[in-house]
Amino acid sequence: MGCLFGRGKKLKDGIDQIADNSNGVKRKIVMIGLDGAGKTSILNQLKVKKFMETVPTIGLNIETIQYKNLEFLVFDVGGKVRSLWSHYYDNLDAIIFVVDSTDKERLWQVKDEFRKLSSELSFQNAVVLALFNKQDLPECVEFKALVEETGVDNMNENDIIIQKCSAKTGDGLMDGMEKLVSYFLNNDKNSSNKQNQLSKNGQTKSALVS
């Protein structure tokens, strides 16, 4: 779809305009992660169902993905602009955080970013899908150890889905998307039931008053 560059309010206004003009898009998703984690490769797998060599994302790459009966507007944010990540968090439905399972030296940075994310999302209902990428490589850290070392399961303020995957083979990606879609559908159902109950209660109260 294209790239977007900018800073501060100008950047935020540009993002909001794209979201507003995307007719039919049901979910806004922001994809983040350290540089080299494989975010764009995962996005390509989800969009065209194949692995393609990529160059580091500079700024922002925006794609629309159709998955089953849902449509996603995905903001793929460059890993080298971490200071700007929070500019994309307004009115979002989910964050996909991609982790390089082979990058042992920077797991502490991932842990720090998860901690920041937990704080920044404390007033939002966005779900977090943590994708531990490059699980096909022999040098990857064992999945259980990754979860513990990154502290991803300590994000108490938000619902979180944890999934291991490989952008190269595609393994695990559809599982992660299935879980995300199921989460959205269950939330929609629960919200609808709650709204129906509130409406019924309101009607009952009105009848009693009259």
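Glycine too: its Cβ is placed from the backbone N, Cα and C atoms.
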Identity of the GTP-site residue among G78, G79 (reference: G33, L34, D35, G36, A37, G38, K39, T40, N133, K134, Q135, D136, source: TrEMBL): G79
Neighbour count (Cβ, 10 Å) for G79 (GTP binding site): 21
Cα distance (Å, whole number) from T40 (Mg(2+) binding site) to G79 (GTP binding site): 10
Candidate nearest T40 (Mg(2+) binding site) in space, where candidates are the binding-site residues G33, K134, D136 and distance is Cα-Cα: G33
Binding-site residues compared (K39, K134) - the one with the fewest other Cβ atoms within 10 Å: K134
Where the record names G33, L34, D35, G36, A37, G38, K39, T40, G79, N133, K134, Q135, D136 as binding GTP, the maximum Cα to Cα distance in Å: 22
